[in-house]
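Asker: Next up is a structure, given as structure tokens.
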Amino acid sequence: MATAAATQSQPVRVVLRVRPHLPSEANSAEAPCVGLLGSHPGGEVTVQLKDQYTSRNECYKLDAFFGQESRVCEIFDQEVSAVIPGIFEGTNATVFAYGATGSGKTYTMQGTEDLPGLIPLAVSTVLALCTGTWCSVEISYYEVYMERCYDLLEPKAREIMVLDDKDGNLQLKGLAWVPVRSLEEFHEIYSIGVQRRKVAHTGLNDVSSRSHAVLSIRITTDVVKGKLNLIDLAGNEDNRRTCNEGIRLQESAKINQSLFALSNVISALNKKEPRIPYRESKLTRILQDSLGGNSHAVMIACLNPVEYQEAVHTVSLAARSRHVTNHMSLASKQETPKDKVDMEAKLRAWLESKGKTKSIQRMDGLLSPNAIKTPLSMSHKKQSASVRVSGRGKAMDQDGGKIKKVLFDSAARIPAENFHREGTQDIVNTTKKVVLPSLTPCKEDKTGSSLRKALSPISSNMDPQKQRTADDSNCLMLLELRTPMGSCNIVGKVTGATPLDKFIALGSNLKESLIQQYLDFLNVANKEELQKLKGIGERRAEYILELREDSPRPFKSLSDLGNIGLSSKQIQDILCKTATGIFK
Ligand SMILES: Nc1ncnc2c1ncn2[C@@H]1O[C@H](COP(=O)(O)OP(=O)(O)OP(=O)(O)O)[C@@H](O)[C@H]1O
């Protein structure tokens, strides 16, 4: 039996699972955004997340990687089966499936009729181990929805009270524990609970899980021994990219908050901090007796192979502090300035959103031939030719059998050069400073003033300390427009771009600049300055500083703000207030 989870050095193992492309995604030309970069002697792996449209990529060290072709039973054998004997000896354990909506959490935990998930596999293993002993098995099944806990095995959704008894032990008052003697019996009970979860809060048969569902299996003799929690977490959602509103937006905010709290607990446990913030959410409070201490825990971070931003968000929250410097990204930065590629992608996205297909075609005409001829893309061709794929996502070089290179599961289907889409387009990355006079010198709202102070030092070569003082005195807003010249040039070059097109493009660049300055502020400001921003309290400020210890500039895009638990709405509010402050 694999002992990975049982002999873990970290209180919470974090493993990655990438689901296959779905039939609806099969025609997409997108290579999976995540791949295995290498394995280490202690069992750890390095995985790389890569955006095929830009040169952005991130590397993380994790405990295991399960690629697109791996099956649930492999995850069970390597990560879950090892913790089961412990529950017969009184040790608790927890296995979570964590990830964005549609990333395969339910598939992994529940499975299908033909391919059982971790839950049925665990129940059948526990039942088998009980055979011929005095042990019996009981299950409970409940959900945490909007910070409340409901029993899914009761015909009428009953709220469960989460209490501490006089000895400080956690009690889930009112939770039903149902004896289970066979797998058939389990399926019968469990499937009713699953159905209840689907319709409980909307009345509709919702495909997306809006609650965290906890299936607990406990072993009893004359006393309760240990228990195993198998949790299908609700999917985290980026509300900027969804049409969520009303109750759906509230649900989403609660889900994101509780996932952030869970991430805080896991991070604190893995860093062996003296205080573990279990009380930050209902879910973490409930799991207090099965997460940390001598319990075993495995987090399975599930990834959708075509969603890079989502993947970064999921992995960075699941594996905080395990981000590693990616030398490849530095190299590619030197060869091909990232901003150039970003700007092309941004311009393309903008033109697409405006339905300007002709402009895109013209832009392709202007840009693509160069990109195809670049020595860099040629070198990627060579590289892909020298890599062959073997077995389940193992890449080998042609002269040896040794694992050597990035192995993306569908590398056989999609050439490696598609992954590295660094172009060498002829776009000038010009930096231009625009001085906007402040109409309300030195009297701004909290958000505006602290951001203003922070914006200036970044936008100049001046010593940040000196610049800060200078800015305090004149309160001028310096906005560094990072790439508008480049993009304007593109728009200008595209015959047919109207003055309105150019104006809108500039407007969107201004917005980009403001966002970039805000991110830069988070990357450089000290704790006191950070706390002056709306939405950033002491804990968040400390966490930002913590992230900066792991990676010098952890905030590269707005989606990275999800890593500090800010909801999309909060982010939008902050930026709107900041922008309004500038023009007042
Ligand atoms: N390993 C896999 N093999 C084949 N199909 C998969 C796999 N993982 C997920 N899928 C499919 O992907 C889709 C989304 O999966 P699933 O419902 O498990 O996502 P989820 O993360 O639970 O989403 P949500 O948070 O919205 O509930 C489903 O159609 C599922 O059948």
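Yeah, the Cβs are placed from backbone N, Cα and C, and that goes for glycine too.
Heads up, here are the entries from TrEMBL:
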BINDING   Gly99, Ala100, Thr101, Gly102, Ser103, Gly104, Lys105, Thr106  ATP binding site
DOMAIN    11-324  domain 'Kinesin motor'
REGION    377-398  region 'Disordered'
REGION    445-469  region 'Disordered'
Asker: I want the residues beyond Gly99, Ala100, Thr101, Gly102, Ser103, Gly104, Lys105, Thr106 whose C-beta is within 8 angstroms of the mean position of the ATP site's C-beta atoms, in chain order.
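Answerer: Apart from Gly99, Ala100, Thr101, Gly102, Ser103, Gly104, Lys105, Thr106, the close residues are Arg19, Ala97, Gly235, Cys302, Asn304.
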Asker: DSSP on Gly99 (ATP binding site), three-state: which is it?
Answerer: strand
Asker: Given the binding-site residues Thr101, Ser103, Thr106, and counting only Cβ atoms in the protein chains shown, which has the most within 10 Å of its Cβ?
Answerer: Ser103
Asker: Which entry in the list of binding-site residues, Gly99, Gly102, has its Cβ near the fewest other Cβ atoms, using 10 Å as the limit?
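Answerer: Minimum Cβ neighbour count within 10 Å, taken over the binding-site residues Gly99, Gly102, occurs at Gly102.
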Asker: Within 10 angstroms of the C-beta of Lys105 (ATP binding site), what count of other C-beta atoms is obtained when all protein chains are considered?
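Answerer: There are 27 of them.
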Asker: So, three-state DSSP: helix, strand or coil for Gly104 (ATP binding site)?
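Answerer: For Gly104 (ATP binding site) - judged by DSSP and reduced to three states - the answer is coil.
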Asker: Let me check the 10 A CB neighbour count of Ala100 (ATP binding site). How many other CB atoms are there?
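Answerer: I get 21 for this one.
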Asker: Mind giving me a neighbour count for Gly104 (ATP binding site)? Other Cβ atoms within 10 Å of its Cβ, every protein chain shown.
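Answerer: By my count, 21.
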